[in-house]
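Data block below; observations after.
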Amino acid sequence: MSWLFGINKGPKGEGAGPPPPLPPAQPGAEGGGDRGLGDRPAPKDKWSNFDPTGLERAAKAARELEHSRYAKDALNLAQMQEQTLQLEQQSKLKEYEAAVEQLKSEQIRAQAEERRKTLSEETRQHQARAQYQDKLARQRYEDQLKQQQLLNEENLRKQEESVQKQEAMRRATVEREMELRHKNEMLRVEAEARARAKAERENADIIREQIRLKAAEHRQTVLESIRTAGTLFGEGFRAFVTDWDKVTATVAGLTLLAVGVYSAKNATLVAGRFIEARLGKPSLVRETSRITVLEALRHPIQVSRRLLSRPQDALEGVVLSPSLEARVRDIAIATRNTKKNRSLYRNILMYGPPGTGKTLFAKKLALHSGMDYAIMTGGDVAPMGREGVTAMHKLFDWANTSRRGLLLFVDEADAFLRKRATEKISEDLRATLNAFLYRTGQHSNKFMLVLASNQPEQFDWAINDRINEMVHFDLPGQEERERLVRMYFDKYVLKPATEGKQRLKLAQFDYGRKCSEVARLTEGMSGREIAQLAVSWQATAYASEDGVLTEAMMDTRVQDAVQQHQQKMCWLKAEGPGRGDEPSPS
């Protein structure tokens, strides 16, 4: 029994205390007489560490228990302790069994997982094997196709070679046949020629006699015809001369015929010039508001609207600086009053950078004054060569036939109105310039001359003498650019976005602030460049997927326009000085 030796005792056991500590080691047990033998440790006995104290204490406790009155209780307590230990051992055994069962379930789960992995791996291997077999089958099929294609190509090549050989044999046969036929033909022709020559040699006398008879007969026939014709003409002329009435009638008829032909020719020329001057348009005129018969027949509604339209404001749609606007308004008022009073028109020179509104103001000036306008370019004169003088006279003749008065606008006038003394110009262009100077030597109440140029310093001195007023159109400032941006933004973006069924839409942002910002960024740009910028906004919106013009799109197009303007200024600067009134790089 374990409780006799003090082992596995419960915490509440009575009569048994904790085991006594081990006795201390005797100091003489380690040393003694053996220490002097070379300091080697002495061999230990197997019972040297045995402590008999526990046995003694157990025997003592057993004796006390036998004489104690609690011996039975102690025995019961020992049995209960043994039962408790057995229950604990059974619970541990159950735990061990549960652990074993859990381990078995884990093993089963691991085996199932391993089986699943094995199945998936087998499936994957099977799929890979199937794919590999399919790949091999495809390769075999492709190889078969290639072999079949090579075989077909080889058969086709053999067939082509066979056809070529047959064609060569047929060609050789035909050539041989033609050669033999040619030889036979030559032999036949040679035989016929020999036979004909032999027959002609034998019949030479007969042939010469036939030729002689035919020539004599032809000579006799010709002589008789001449005698007969001379007799007839002589008798007719004698009869005509002797009859003075016939002579007089013939002379009068020929005279009337000559007069009619000459009159018809000149009348046709005069009528053609009249029709061309009244109804046609000169070749030098590129654009005109003057109504022609052909235009009235083609567009009757537009012509009627133009006839019924009232005079417009000369500066409508034209954005200029305040000082320039006041000056050109005075010119427009003076021109309108000149037309009303049927006085002489003044000639005007408008110079400045391109795209500043010179052509637009000329059109507005004509419409405001109730006049017709005609636009020609100086570059069209030089290619006409010798026809330039005639075309120039036709232009001014056509201008003098206008009942409402004509504003003749010459764009890029420096192209042909150059200095005659220093510039190297052709004789034809010099003659055309002289014709222009002749027709503009005096003021007219039929037409008004307006010249536009970027380089007015190249004009001939006689041209400068014919100009009454010079107007300088400069690049727009900050305020003018903002007005231009707002006007073109409204024309090309706002109106298409709010009117009609167009695809253009406009995103939500501050339009006024954006127009002011664009005007600030476009410093140095002309009105035409700002109009092109607005058109590019419209095109960008049309090119987008949803047709919406956003603020970012506008900024992108503005940056592109500014870069393009700077590039143009770099090119202009590279050309060197002497460009007249070209815009300076900003």
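Cβ from N, Cα, C; glycine included.
It should be emphasised that the depicted structure is a prediction, and the values quoted were computed from it without experimental measurement.
Feature annotation from Swiss-Prot assigns region 'Disordered' to 1-55, 111-134. Residues or ranges marked as topological domain 'Mitochondrial intermembrane' in Swiss-Prot (evidence: sequence analysis): 2-246. Annotated N-acetylserine per Swiss-Prot: SER2, in sequence order, evidence recorded as experimental evidence. Summarising the annotation, Swiss-Prot assigns compositional bias 'Pro residues' to 17-26. The compositional bias 'Basic and acidic residues' annotation in Swiss-Prot covers 32-48, 111-125. The feature coiled coil is assigned by Swiss-Prot to 86-219, with sequence analysis given as support. According to Swiss-Prot, the feature transmembrane segment maps to 247-264. Taken from Swiss-Prot, the feature N6-acetyllysine applies to LYS491.
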Grouping DSSP H, G, I as helix and E, B as strand, the residues of the compositional bias 'Basic and acidic residues' (111-125) number 15 helix, 0 strand, 0 coil
Under 8 Å Cβ-Cβ from the transmembrane segment (247-264), and at least six residues away from its ends along the same chain, one finds 240-241
In this predicted model, the coiled coil (86-219) has a mean pLDDT of 91
According to DSSP, LYS491 (N6-acetyllysine) sits in helix
